[in-house]
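Worksheet: the structure to be examined is printed underneath.
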Amino acid sequence: MSFKGGIPDVFVCTNLIRQFCKTGKTKKATRVMEILETSNVVPDVIAYNVLIDGYCKSGEIEKALQLLERMSVSPDVVTYNTILRSLCHRGKLKQAMEVLDRQLQRGIYPNLITYNILIEATCKESGVGESMKLLDVMKIQGCKPDVVTFSILINGICKEGRLDEAIKVLSDMASYGCEPDVVAYNIVIDGLSKVGATEHAVQLLDEMCRKGLQPDVITYSSVIGGFIRERKVDGAIKMFHDLERSGIRIDAFPYNSIMLVLCKAGQTSRAIDLLARMIAKGCKPTEATYTILIEGIAYEGLVEEALDLFNELCSRGFVKKSSAKKVYNRIDKMHLFSL
């Protein structure tokens, strides 16, 4: 590798490092850095950050840590955030905290992104209680939590089954000057829907709308799923109709959920009508869509018709061979019970 006048340019070399890292060629990126380091040109922190990010993304965290220790310029908070994120994603929270200690010793203070990385990792490994301690440290340091911070905490609280506390945190966000967004609401709505409190989830959905937030397909799917688990068919269908009227682009999942409910209720003809509406709206049916309908037809005693349709769909490639045996066995069992 040669450069005009024999002196490498930091900007050019940084771009080379970035391109090599994007394609996973970290050895070549390392070589470019070596050329910079052995020249009369000192690499800047951006060049180091790009290479450290490349190491982290390719799973070479030890190389990233080694480079951090021998940088010829002072690292910045971006350098540390890159390494902390990589360590936390790999479940190495203890090592991440050790890196954080060294960061503080160098007088490089964490920012909002740092705290969000550590709070999320602490939630997963040590529970929300420990994460709340980090939130306290964050406030003492004058770092204001954002909606991502609270969403992480709310998600952790929901996973621990403390839905009342999650709702309280959601409502307390405004006191921190931070309004909940759709993601924050969705986390609590999903949590409530999974523990048999779907009516409460609907109240939160209504609250979202009053605040001017537009529920998305995840919001509606969570509530629909909750009503289905509670065997409240009318509630699930009503919520699905609300979803259709909302103008949100719907994928196959909500359609499949309602089709399954209708088929289990012995209303396969309505499920077939829904399939027609689904296709008319430009939503492509999935393999699950067809298998739900086939099993619904068989469940109503039309086993031979179900098998004929099943074989036709298999021959056209709508149902994969890997799924065919499982579906066939279920239909066959229905056939035996119908004899």
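Any Cβ shown, glycine's included, is placed from N, Cα and C.
Same-chain neighbours of the repeat 'PPR' (9-43): 1, 3, 50-51, 53-55, 57-58, 60, 63, 72-73, counting only residues six or more beyond its ends whose CB sits under 8 Å from a CB of the stretch. The annotation repeat 'PPR' is assigned in TrEMBL to 9-43 (among others).
Sequence annotations record features per position, and here TrEMBL assigns repeat 'PPR' to 44-74 (among others). The residues of the repeat 'PPR' (44-74), classed with DSSP into helix (H, G, I), strand (E, B) and coil, number 23 helix, 0 strand, 8 coil.
Same-chain neighbours of the repeat 'PPR' (76-110): 45, 48-49, 52-53, 56-57, 61, 64-65, 68, 117-118, 120-122, 125-126, 141, 143, counting only residues six or more beyond its ends whose CB sits under 8 Å from a CB of the stretch. TrEMBL lists 76-110 (among others) with the feature repeat 'PPR'.
Broken down by DSSP into helix, strand and coil, the repeat 'PPR' (111-145) contains 28 helix, 0 strand, 7 coil. Summarising the annotation, TrEMBL assigns repeat 'PPR' to 111-145 (among others).
Look at TrEMBL and you will find 146-180 (among others) tagged as repeat 'PPR'. Outside the repeat 'PPR' (146-180), and at least 6 residues removed from its termini, the chain residues within Cβ reach (under 8 Å) are 112, 115-116, 119-120, 123-124, 127-128, 131-132, 135, 138, 187-188, 190-192, 195, 197, 204, 211, 213.
TrEMBL lists 181-215 (among others) with the feature repeat 'PPR'. Remote same-chain partners of the repeat 'PPR' (181-215), defined as residues 6 or more beyond its termini with a Cβ less than 8 Å from a stretch Cβ, comprise 147, 150-151, 154-155, 158, 161, 163, 166-167, 170, 173, 222-223, 225-227, 229-230, 232, 235, 239, 246, 248.
The annotation repeat 'PPR' is assigned in TrEMBL to 216-250 (among others). Only residues 6 or more beyond the boundaries of the repeat 'PPR' (216-250), in the same chain, are considered here, and those with a CB under 8 A from a CB of the stretch are 182, 185-186, 189-190, 192-194, 196-198, 201-202, 205, 208, 257-258, 260-262, 265, 281, 283.
Long-range neighbours of the repeat 'PPR' (251-285) within the same chain, counting only residues 6 or more positions beyond its ends whose Cβ lies under 8 Å from a Cβ of the stretch, are 217, 220-221, 224-225, 228, 233, 236-237, 240, 243, 292-293, 295-297, 299-300, 318. The repeat 'PPR' annotation in TrEMBL covers 251-285 (among others).
Per TrEMBL, repeat 'PPR' is recorded for 286-320 (among others).
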### Task
Pull the DSSP breakdown for the repeat 'PPR' (146-180) and write it out as helix, strand, coil residue counts.
27 helix, 0 strand, 8 coil
